[in-house]
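Colleague: So Swiss-Prot has the following annotated:
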- 8-15, 21-22, ARG60, 87-90, LYS98, 114-115, 183-184: substrate binding site (BINDING)
- HIS9: active site, tele-phosphohistidine intermediate (ACT_SITE)
- GLU87: active site, proton donor/acceptor (ACT_SITE)
- HIS182: site 'Transition state stabilizer' (SITE)
Amino acid sequence: MKQLVLIRHGESAWNLENRFTGWADVDLTPKGAEQALAAGEHLRKAGYEFDVAYTSVLRRAIRTLWHVQDAMDLMWLPVVHSWRLNERHYGALTGLNKAETAAQYGDEQVHIWRRSYDIRPPLLEADDERNPKNDSRYAKLNESDIPLGECLKDNVERVLPLWNESIAPALKANKRVLLVAHGNSIRSLIKYLDQMSDEAIMEVNVPNGIPLVYELDDNLKPIQHFYLD
C-alpha cells in the first residue's frame, strides 16, 4: 500500500478577508498557524511518518508545511518546492473581495468564474504589476508557462506533469509522501486520483489544515481516502 497525505494550507490573511488570492503571496493568520500545527499533531498521534514532502512556492503553503514538520519532529524532511502546486491563478480578480466582486458583476457571473471547470476569470493584462513574470521566483520559467488567469482545467494540466514526473515515481518507490498545497491544486489531484467528472469535482471543497489521507495500490489507484481530524 502506498501512502499519500494531502493538506491544504491553514487559513490565510486573504481567506479571512474573503479575497481572491491565487498566486498572491499572502501569509497565514494566527488561526492558520494553529490549524497547521494541529494537522501535524493529528498525524504524529496517528503514527504517520514521511520520506519526502512537496509544496508550492507560496508562503502560506510553505509555512503550513513548516508547522506540520515541526509538530511531527520532521524538520529534516526533504522538501520539493514547485510552482506547479501553486493555487489556481485568479487573473484580474486577484486581490478583490469576493462579495464586492459579486455586487459588481452579479452572483451568477462570479459563480461561473469560481466554479466552472473550463471558464477562466478575466485575465491580467501583460503589463499588470501582478503578472507573475515580474516575480523572481518564476524567472526560470518560459513566459508561455506563466498564467495570466486559470480555470480549474488549466490547474489540472499544470499539476499533472509534477505528478507524473516526480510524485508518482516517489510513491512507486515506496516513499511516504506528504503534500501541502492549495485548494485547487489539491482538487486537481483529487480529480485525477478519483477519476471524477468535470461536474463532480466542482462540488468538492477542501478544508484548510485537515489532512486528507489516500491509501493507494501498487498502480496508484485509491483503495480508500479519508480526512484525519
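Placement of Cβ uses the backbone N, Cα and C atoms for every residue, glycine included.
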Colleague: For GLY22, GLY183, listed as binding-site residues, tell me which one has the smallest number of other Cβ atoms within 10 Å.
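Modeller: Least crowded of the binding-site residues GLY22, GLY183, by Cβ count within 10 Å, is GLY183.
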Colleague: With Cβ-Cβ distance below 8 Å and at least 6 positions apart along the chain, what are the contacts of GLU11 (substrate binding site)? List them in sequence order.
Modeller: LEU28, THR29, LYS31, GLY32, GLN35, ASN208, GLY209
Colleague: Please list residues from the chain of the residue listed as 'active site, tele-phosphohistidine intermediate' whose Cβ is under 8 angstroms from its Cβ, counting only those at least six apart in sequence.
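Modeller: The list for the residue listed as 'active site, tele-phosphohistidine intermediate' reads LEU28, GLY32, ALA36, ARG60, ALA61, ARG63, THR64, VAL180, ALA181, HIS182, ASN208, GLY209, given in order along the sequence.
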Colleague: Which residues does GLU87 (active site, proton donor/acceptor) neighbour through Cβ under 8 Å, counting only same-chain ones at least six apart?
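Modeller: Result: THR21, GLY22, TRP23, SER56, LEU58, ALA181, HIS182, GLY183, ASN184, SER185.
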Colleague: Look at each of the recorded positions, ARG8, ARG88, LYS98, HIS182, and point out the one with the fewest other Cβ atoms around it within 10 Å.
Modeller: LYS98
Colleague: Which three-state DSSP class does GLY183 (substrate binding site) fall into?
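Modeller: It is helical.
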Colleague: Within 10 Å of the Cβ of TRP14 (substrate binding site), how many other Cβ atoms can you find? Include all protein chains, please.
Modeller: 20
